[in-house]
């Protein structure tokens, strides 16, 4: 439930009064995500005190965005920051640590427990957007020889600071993964059995260098709560949990979404708070590239200047015809980009899809040709209507085929198909459209003039 | 791990031989999602037999898409279908049931257990895309007075067919929700305590008529495994689990993504399998609407026909100038649509964002104006360069402001801001761009001519 503002007022008062008992009473029933929302709204000196008094300050702190965490971290007394960082889960801790300023990083690192130092070193080494960079080392691992009651006792002992204890990993003495068992299965098992009897050995795993998007897809495909992450020798290094997978899926889709409008991907930026120059940089690159695309259209037009001067009515219909090709093309491209991202189609389906797309494009082109030829007849004559109908048919067909093929080609070249943005497809289709339209016009209307 | 093709061959052989022991041995270690993938590749008569022999056929069946489920359901003997449906989880069961043909629905319904009939009736009544339509009634509910060992015993008894037992709901005798407790907390608690002592009473809940997107956002915000769904009198009706929330989030983003290219939303369609006419219908509506947008550009052009005829070089730069406005505008619109969808900005931020966008647009416009004026000087003269620079500045600025405002206006009118698609923004910006360009040209070049 959303916190009442009365509670926030009471909480601020209790913090001012250093009334720790009252603070504990007030927040007892408030969950970590809501407490983080409260924390974010407080003034800095109240924040510091609340972090000092909170029983699980680190878990609340983790619900803040990285930018908010950094802002607080940079102002906290070092000793308090060290304690906070020590209590965080290993994945969030590493993210925050990597983002600290160089000085602060060194200062904090020196005061951390050697075991935590080692864990940070390990996790910080993995490439951005790899499984290693998002995994947590806070998992429960057991030996296969335990009986069920022994296992439950072990889980109780390990549980307090683990991300999940609902999937328990079974490892040998060298930390190689042997199997997995869910807490559900342990609860339901006969007490006389051993873990080895009930564990699953058909394992779905992720590799530590695997792309985070692929990890998120596996979790979602199998509906797992967590996925174990292994190195090349099958050693269990960490887990990625379903909530991290949700965040990754959202990040990746935002990236694709921005690319679809030719904005360089940067899923974490906010248009509300990002610096003006940063937003400029993310957008100017593609805008300038696209200028060259449009130049092609201009060159096409200048090639047909004579036929335009002689039939100025052609200019009236130019935006309509050219625009329709671009619109149909960006529809095709978006459908294809999405289908490739969802794993719905593969490269080998290309010919089959081109065939289907041709049929759809013929229907679309036919409808549009019919509509535009009526307009042409009203404003021009039967010949203009014919030019428009033929051009529209050809332009929509070409637009669809270009829009459908571009993501495939990019994929084939190992580039991100999402770069086949609507503006890029539009400017390619525009140039094609100009040439098709004016070529058809110059043949048909040229003949009439002759 | 992906199934080896050898296993599939062995499995098919065992099914042909009716060797149930061998089938059980082969599939013992294979998880449900992978078995569903195998099931989908088999021929129909082998499918029927595998469903007959599988120990948890219903849970495997649930991993198939609804279309695949329907295909099999329509060919199964009714008695087998009734058994399969009875064993499915309540949310997937209701979805399948609602999709059955009318005759089959009646036939199956008559043979179902009265308790299941009632459950289907209840769940089927909720509107599409509401919490009620995606929730499951398979949750574990306990009384607050149980001791910890009693609670564990109850969980063991209820566990077998429940979606999750990791969050346990505490209800009074009228089924009103009192609190929630995680299995982790139960495992860690002192055996002498009662459930009422350890349960959380600050509850995050969903309402049964709430939109599924809002439910998914709550689950993701709080990192919960499941969210309880209540009616207006606080009765616990069902739960929505994290894996359903992932599916919803993906569906909603796909919907926005398709809309961004002016394809009517239909997240479940596949470009590989959807009927041609269906794809045509989803695309033709916006294409025809956009024709009228382009007509505005045509009308703008025809209004300035004289200045074009006198300065045919203007046509060469027309696509470039007009296109740049559309491109900048669709960038702005996409950033804004995404920010609104993520809850990053609200309506009240509009004026502030317009101010920021104006700054970004001036930087973008300045860069583009500089580039295009060089081209203009090469191909025309200093006066043409000036016309181009001024027009580019104005067009990019207007494009950005239109792109940023349109999603806001749609949101204000209670329409989906995602309808401010790149093609729609482009065609509005195109018409504006034509007028700005030719108006500036007619003033500056007109004066020179006079």
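Numbers run from 1 along the shown chain.
Using N, Cα and C of the backbone, Cβ positions are placed for all residues, glycine too.
Automatic, uncurated: that is what TrEMBL annotation is.
Database features (TrEMBL):
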DOMAIN    B:135-198  domain 'CBS'
DOMAIN    B:199-255  domain 'CBS'
TRANSMEM  B:284-301  transmembrane segment
TRANSMEM  B:307-328  transmembrane segment
TRANSMEM  B:358-378  transmembrane segment
TRANSMEM  B:384-410  transmembrane segment
TRANSMEM  B:422-445  transmembrane segment
Could you name the stretch, out of B:284-301, B:307-328, B:358-378, B:384-410, with the greatest number of CB pairs under 8 A to the transmembrane segment (B:422-445)?
B:384-410
So which residues does the transmembrane segment (B:307-328) touch in its own chain, when a touch means Cβ under 8 Å and the partner is 6 or more beyond its ends?
297, 301, 361, 364-365, 368, 372, 375-376, 379-380, 384, 388, 391-392, 395-396, 398-400, 403, 425-427, 429-430, 432-434, 437-438, 441-442, 445-446, 449
For the domain 'CBS' (B:135-198), what are the DSSP-based totals of helix, strand and coil residues?
24 helix, 17 strand, 23 coil
Looking only at the domain 'CBS' (B:199-255), what are its DSSP counts of helix, strand and coil residues?
25 helix, 16 strand, 16 coil
PLDDT averaged over the residues of the domain 'CBS' (B:135-198):
89
